[in-house]
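What follows is a short report on a single structure.
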Amino acid sequence: MITANEGSVTIMVPDFTKVSARAPVFYNPAMEFNRDVSVVALQVFQRLLGGEISVADTFSGSGIRAIRYLVEVEGVSEAFANDINPLAVECIKNNSLMNSVSPEVSREDASIFLRTNHGRFDVIDIDPFGTPAPFLDSAAASARNNSLLAVTATDTSSLCGTYIKPCLRKYSSRPLKTEYCHEIGLRILAGFTAMNLARYRKSASVLLSHSSQHYMRLYIHVRRGARRADESLRNIGFILHCFKCLHHEHMKGFVPLKQECPHCGAEMEAAGPLWVGDIQDSRFIGEMIGEVENKKLNTATDVLKLLKACLGEAGMPPGFYDIHEVCSKLGRSAPPLRDVMDGLEKAGFRVSRTHIRPTGIKTDATIRDIEEVLEGFSV
Ligand code: SAM
């Protein structure tokens, strides 16, 4: 058996040589960061709701999430730990005993589990192997009013556009391999989740989204109501990108209008349909930042770094410019990023970094405005 300590819990899983779906019970120590962020997000959400909350860990594996939520998040009165693997179910039971908690353990296909427990959870955590796409319909059907849907996707090669057809198949959306393709991936996942929810007259507000290591993770506030769902779908649209001069823009709506790049006249390519609204909520993330120090997290420093970067992105337009790529297109060396940001701010534009790339900046300036600012620096 392998012993793992995370947050305030200790669990044991059967020996494995490599982290893989073929392990007897799946446990990936590299996902501790993901789970640490989840603990903080759930605590902040519980506080927003007030009172006791019920949490569903639909793909529980070793049980680590359900157990951590019960032990580490105040106000979690019940947790459900579900997994289709019988060995995982045994493991969840043993780990629960070890940590003196009693989640309700089940062995169902996740979709059936969600359907049969319709409207029962304040938080639904979806953490499958690969894509969450096949499970989002049941999650959307099951999600109750004023609940949190937390979704992980590890099929980043599809969402980021390394492979286009799988993304079309799974998410009915066209990815685009740009320098901000991970942000496009997050937006495709958010848009797809929102469209699933809308089918059940539910709306989506993205509270936090991050692309880290080999996965993407979204926290979505779900509310009921046809009007709210219609409103939420106003955030669906397309990102248009010019591969010739790197200009990009976004448009709302379900029909992409092929457009000439307004700067260089080349034909732009479209990614979508996807979420073009906010993918970071400053209030929620601000609360999370305040909560980190109250928790015992091995990755607290990294969690804070991520949350501060995501906070800076709130309210900024979709996509970002990688200043090194822009400079390389212009055949010049890149000035320090901070200086370019200061130059843009001085010229009256909004600027932030992105958690996705250290050389990227999000801004409401156009590619031409950026080029003008760059002209002010020696080559
Ligand atoms: N949430 C876990 C954690 O944080 O350590 C990891 C979950 S692992 C990525 C995916 C789990 O989903 C595996 O334990 C697998 O047995 C389970 N699984 C796969 N297909 C499933 C299905 N259709 N319904 C329920 N569980 C499933």
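Cβ from N, Cα, C; glycine included.
Nobody curates TrEMBL annotations by hand; they come from automatic prediction.
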Among ASP15, ASP83 - the residue TrEMBL places in the same S-adenosyl-L-methionine site as ARG35, ARG65, ASP109, ALA110: ASP83
Candidate binding-site residues CYS242, CYS245, CYS261, CYS264, pick with smallest Cα gap to ARG35 (S-adenosyl-L-methionine binding site): CYS242
Sequence-ordered binding-site residues from ARG65, ALA110, CYS261 with Cβ under 6 Å of an atom of ligand 1: ARG65, ALA110
Cβ neighbour count within 10 Å of CYS242 (Zn(2+) binding site): 22
ASP83 (S-adenosyl-L-methionine binding site) in three-state DSSP notation: coil
Fewest-neighbour residue among binding-site residues, criterion Cβ within 10 Å, set ALA110, CYS245, CYS261, CYS264: CYS264
Least Cβ-crowded entry, counting other Cβ within 10 Å, from the binding-site residues listed as ASP83, ASP109: ASP109
S-adenosyl-L-methionine binding residues ARG35, ARG65, ASP83, ASP109, ALA110: largest Cα-Cα distance, in Å and rounded to whole number: 22
